[in-house]
2 protein chains.
Amino acid sequence: MHSLPYANYPPFISREQEEYVLSTIKDWSIQHGLTVRPSSSFVPGEVDKSGVLATTAPVTLFPSPFPESCFRQAHFLQTTYNELYAAISNDEVWIEEVMKGLIEVDDFIKNLWKVHQSVKEEGYVQQLSLGLFRSDYMLHAPSSHELPSLRQVEFNTISSSFGGLSALVTSLHTHLLTFTDPSAHLAYPNHPLFEAREAGSANSNSQALPSDATINVPPVNDAVQVLQTGLSAAHEAYASSKSEPKLPLCILFLVQDHERNIFDQLALSSTLKFPVFRLLTSQILSHTSIDPDNHLRPLVYTPPSSPATRFEVTTIYLRALYAPAEYTSAESWSARLHLERSAAIKCPGVLSQLAGCKKVQQVLTSISPDHVRRFLPNASQSTLSSLRSTFAPQYDLNPNSEGLAIALDESRAANHVLKPQREGGGNNIYRTAIPGFLKSLPSKEHYRSYILMELIHPPAEAKNTVLRSDGTVISGNVISELGVFGACLWRQGERTGDGATRSGFEILHNEGGGYLMRTKGKDSDEGGVAAGFSCLDSVLLY
Amino acid sequence: MHSLPYANYPPFISREQEEYVLSTIKDWSIQHGLTVRPSSSFVPGEVDKSGVLATTAPVTLFPSPFPESCFRQAHFLQTTYNELYAAISNDEVWIEEVMKGLIEVDDFIKNLWKVHQSVKEEGYVQQLSLGLFRSDYMLHAPSSHELPSLRQVEFNTISSSFGGLSALVTSLHTHLLTFTDPSAHLAYPNHPLFEAREAGSANSNSQALPSDATINVPPVNDAVQVLQTGLSAAHEAYASSKSEPKLPLCILFLVQDHERNIFDQLALSSTLKFPVFRLLTSQILSHTSIDPDNHLRPLVYTPPSSPATRFEVTTIYLRALYAPAEYTSAESWSARLHLERSAAIKCPGVLSQLAGCKKVQQVLTSISPDHVRRFLPNASQSTLSSLRSTFAPQYDLNPNSEGLAIALDESRAANHVLKPQREGGGNNIYRTAIPGFLKSLPSKEHYRSYILMELIHPPAEAKNTVLRSDGTVISGNVISELGVFGACLWRQGERTGDGATRSGFEILHNEGGGYLMRTKGKDSDEGGVAAGFSCLDSVLLY
């Protein structure tokens, strides 16, 4: 019988300690770039006309407890998950089969698919694909006495964010726990969770502490290295310029206008050992070009401040174009097609983006046919079991299906969440609102755009205090999500005659590591950190 | 005949290049902590109630040209200047003689002197003193064809700021000059000043560039290391706790409430290898104590967030208490006395602070008696000549003196500035305003509070563009000041019988290096960067 540490955590701190923690966070975050641009609801545009202000990223005052076994499992599984989604991205036949129903009813999915079809028709000139992934989990803890288990919330194949800032939060919490030394208790009083764990517990960060360490600190967060190593692997695999004459090589970070989360992106780009430029989605067609006479289709970037200078793009990293709302016109889709048909390595390509749909996640839970086994022919039975143990029960809403029966029955729906296929939070329907919502849809055709997932029950007694970006401080019950980052570079296989298999599919780089702990108030069922509902956190293993 | 590079500098840049430079500065500065807290005139207090916002520090868009010979001379002289002011601080008899007149008319000087006298009476328990100095110079360029010479504006013995942020500006300008490589011209077009200087020109930063460097970048800025090494030298020289039982050791940074320039201070404190705490001047008496039963008088600091924890202060670094306005009550002076009589090494002690008065600078220009020679018995003649060459002609306003004659004559005053004795900018009287100002003083007794200095004529054609902290961009003619940092730890000598000499005076650590380039619009005769009138800059040697 294991007693979970949530009921008595975090420890009570005095007003003076809270003041110390808050002022440390406010100063440390600005000094170290753990920052975001302020929202217009906090700082009106007329105050900061030229956009010079920044504020601390939303963070928890305390790191959150997390079971070591679950943390290790999530890290152990990452390279297998990377391989799974690389293999899915490699199988357009399977994706089309899974997506067919959606392509018919969802314009966004349809347009993505059309981009792929169009490039396929012309012929892809780049066989390499890069995935910078993040697999997100919650703890499922139906009982307060059993150790929680890991349940996957979603697998992000595009614009997996917060690797940069998350690593900084780990450093911030470590600083709060260890300055000047643990016994000084400047920030926090004693708590069993802060005490060093027995030797032999595989705390991967033990090497980061002095040998006489007497304190439990968050595990080292390698997110930046893992993501940067992935980008470097792609950049190097691109090899050399395909232009005549040859051009210098660069990477592009494709970003949104008015990005508040820019410092997360800069944490990745600014220390790479080759040129990286930021490109707004609105500037794709004006600042990049493909010479129609070069059948290799290198993507050429011209920096607006130096029109005579040209770079060839090895890798285009999308921190944008993941949500339907970003495609405001036909030109947006032309721009996406333009990138997809270029020789640049896409992170991700359109097929990888489609592989991240909730529908795929749901179909993978099937045992018969056993898709996971097929995509991971070399994985051991125990690895597959571990992977499958992270799947939450989930269903499609086909006519006469089990899923539809649950979704339309208020009492059975009460333990479920209805999710649209698309990336990005904010659109989930919860519990007893599900039947009414489904009935309000214009037709049953639209049911295909959703999947139904059994609710995950995170530790009910988890509490924390958060500092929001506008400076307000809120304490209360919280829900946390752990994301583990992965980087995978693969070569797409060639289709064989029957189109069902591919030869030549090859994984060139596969690494997992680094984490994002995201904590939100329990009242809000939804929350992306960037939207201001939730906060960046780190973990204390127990 | 040397043609100065100011007339054609900075080069014209396109709107797109300026946009690139500005957006790079805005993002780079936040990511790297080149920041200040916004002023209340920029961000009203009601917008940012809890103080989470930061903004970019005011910076120039271009590094400013500076003659290499002058730059080298300033660096070469720093250890000699350090020794000079250490020796002055060690000679209370000389200081009293020089200050006598001021002590009578200036309450601030009088109170500082009283602090010294009071501790002297009780007996100093700490013979070590630390100086973190900055010697400020302007270029004197009466002709646009002769190489300018170096003229000292002032020597700062207390709260010499901007070492932390200044080093970051050097990095920022280097980034703008070198990303992605010089030939890309993303930020700046070609300019002769940006081209690599001939091999053999002693550009100290050449080792920081790739061997095929084709560009002139600002010299490496070691300010943080020089200041930190000084603090470390003091901390280590303190040796061990004087408390019973022994306490852990720390350094205190004494700071002002609502310090906007906190990130400059954190750049020094946050990477020191021992505990550093920030202490507000208003908390000196509540958070530090001296056990009346311990004749060694160790200064004990209790962090408010952990009342059971005690640290012994090895070194107290004053980034406050330099200006009269900070002493708001008798308690302020009690607090200053409390620090001065403690065993902590003061940076600076009261005598060093007094040594920084403009009056001392003026008296040092005297040839007969030759004070400089007396204070620097071991300096070579050439070093002394070089040092003296940086002195601007300056005068006291004694009755019937040459100085007074100049000051009261409007045409002769027109080439002079009248400076009060005290630290901190904003109080100088310029040119033809001098005679009227003097006549407006309540009595001629007050003349003693001022010294008259011949105006320095900086390069008339110098121009730059600055980004202020509120985001506004201003271009125009500018004046720059170069400060070189120094760190000096010494042991005060024991007075011999006649009080005129001391034995045992010993310099334990003496280093110079790192620089602050401060550039302001030519219209404003005054300017401290923190006050928002002037900007942080770096140098390009020519």
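The backbone N, Cα and C atoms fix where each Cβ goes, glycine too.
For reference, TrEMBL has these:
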- A:250-355: domain 'Glutathione synthase substrate-binding' (DOMAIN)
- A:Gln265, A:Arg518: substrate binding site (BINDING)
- A:Lys358, A:419-428, A:Tyr430, A:453-456, A:Glu481, A:Lys520, A:Glu526: ATP binding site (BINDING)
- A:Glu423: Mg(2+) binding site (BINDING)
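A map of TrEMBL features onto the structure.
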{"residue": "A:Gln265", "record": "substrate binding site", "DSSP (3 states)": "helix"}
{"residue": "A:Lys358", "record": "ATP binding site", "DSSP (3 states)": "helix"}
{"residue": "A:Gln421", "record": "ATP binding site", "DSSP (3 states)": "coil"}
{"residue": "A:Asn427", "record": "ATP binding site", "DSSP (3 states)": "coil"}
{"residue": "A:Met453", "record": "ATP binding site", "DSSP (3 states)": "strand"}
{"residue": "A:Arg518", "record": "substrate binding site", "DSSP (3 states)": "strand"}
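Least crowded of the binding-site residues (A:Lys358, A:Arg518), judged by neighbouring Cβ atoms within 10 Å of its own Cβ: A:Lys358. In this structure, the C-alpha atom of A:Asn427 (ATP binding site) lies 18 angstrom from that of A:Arg518 (substrate binding site). Sorting the binding-site residues A:Met453, A:Ile456 by the number of other Cβ atoms within 10 Å puts A:Met453 first. In this structure the alpha carbons, written CA, of A:Gln421 (ATP binding site) and A:Gln265 (substrate binding site) are 25 Å apart. On its own chain, A:Gln265 (substrate binding site) has A:Ser161, A:Gly164, A:Phe253, A:Val255, A:Glu259, A:Arg278, A:Arg319 as residues at least 6 apart in sequence with a Cβ closer than 8 Å to its own Cβ.
Neighbour density at the Cβ, taken as the number of other Cβ atoms within 10 Å, is lowest among the binding-site residues A:Gln421, A:Asn427 for A:Asn427. Cα of A:Met453 (ATP binding site) to Cα of A:Arg518 (substrate binding site): a span of 20 Å. In this structure the C-alpha atoms belonging to A:Ile456 (ATP binding site) and A:Arg518 (substrate binding site) are separated by 16 Å.
Taking only the Cα positions, the spacing between A:Arg518 (substrate binding site) and A:Lys358 (ATP binding site) is 20 angstrom. For the domain 'Glutathione synthase substrate-binding' (A:250-355), the model's pLDDT averages out at 97.
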